[in-house]
Amino acid sequence: MLRSGVIAKKVGMTRLFMEDGKQIPVTVLQLDKLQVVAQRTSEKDGYSAVQLGAGTAKAKRTSQAMRGHFAAAKVEPKRKVAEFRVDPENLIGVGEEITANHYFEGQFVDVAGTSIGKGFAGAMKRHNFGGLRASHGVSISHRSHGSTGQCQDPGKVFKGKKMAGHMGAARVTTQNLQVVRTDANRGLIMVKGAVPGSKGGWVTVKDAVKKPFPENAILPAALKSAAEEAEKAAEAAAAAAAAEAEAAAAAAAAEEQAAMEAAEAAEAKTDTVAEAEAAEKKEGDA
């Protein structure tokens, strides 16, 4: 089951305290006006996917082609755009906004982003090499990686040999991070542990591929329009219930008033009969 992921901005790290007193380090991810920009269908494009856009970009900083692309979708220019493969039945309408309730507490997700660049790094920093000895004939090369191969045969350095070189600034995916808490009102997703990238960087969040698909996942996505409709329905139901309660209270009050009036009428009738009997008795005595 494939459904859309989300584009989020890395706000930073903090900690959350649980009810049992334990503290969990979390990374705060924010969904900033995450909307569907385009659809990819099997009939037209050969595959099924949704294209999402997040953030807000200035129109003058957006190319003319992308301005037309966003105008066709009737959305504001977006800062970040990404595609997510989905099943055909999980396509989302263009212009729909996805909320943080797309994921739930306890769910496992995969977060991908661009790692922090370290520049040109040595083998000890880049590959955790131990380095050479501090003495016993070693000079200058204490932090070098040592030999890079064999002799005349094969007479070359094999591809993939761990050596010094550029470190970081690469696409990295951290798998099986657990969602600790979500805040739909502020668009926040808090995941346990660290995610690639620096503060303010963009990351993509997907359902974990190495975990079973959650049964209570919202399909095709947690949409803001659906939440608003549910809220309106709840308000209408609450208003109807309040109206019914008010009508029932009014009916009960009317019944009570009628009962009181009937009791007063019966009491008045009893008094009238008693007065008549007393008058007759008085006349008989006279």
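Placement of Cβ uses the backbone N, Cα and C atoms for every residue, glycine included.
As given in Swiss-Prot:
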| type | residues | note |
| --- | --- | --- |
| MOD_RES | Gln152 | N5-methylglutamine |
| COMPBIAS | 246-265 | compositional bias 'Low complexity' |
| REGION | 246-286 | region 'Disordered' |
| COMPBIAS | 266-286 | compositional bias 'Basic and acidic residues' |
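A sphere of 10 angstroms centred on the C-beta of Gln152 (N5-methylglutamine) encloses 6 other C-beta atoms. In the three-state DSSP scheme, the residue listed as 'N5-methylglutamine' falls into the coil class. Under DSSP, residues within the compositional bias 'Basic and acidic residues' (266-286) fall into helix, strand and coil as 20 helix, 0 strand, 1 coil.
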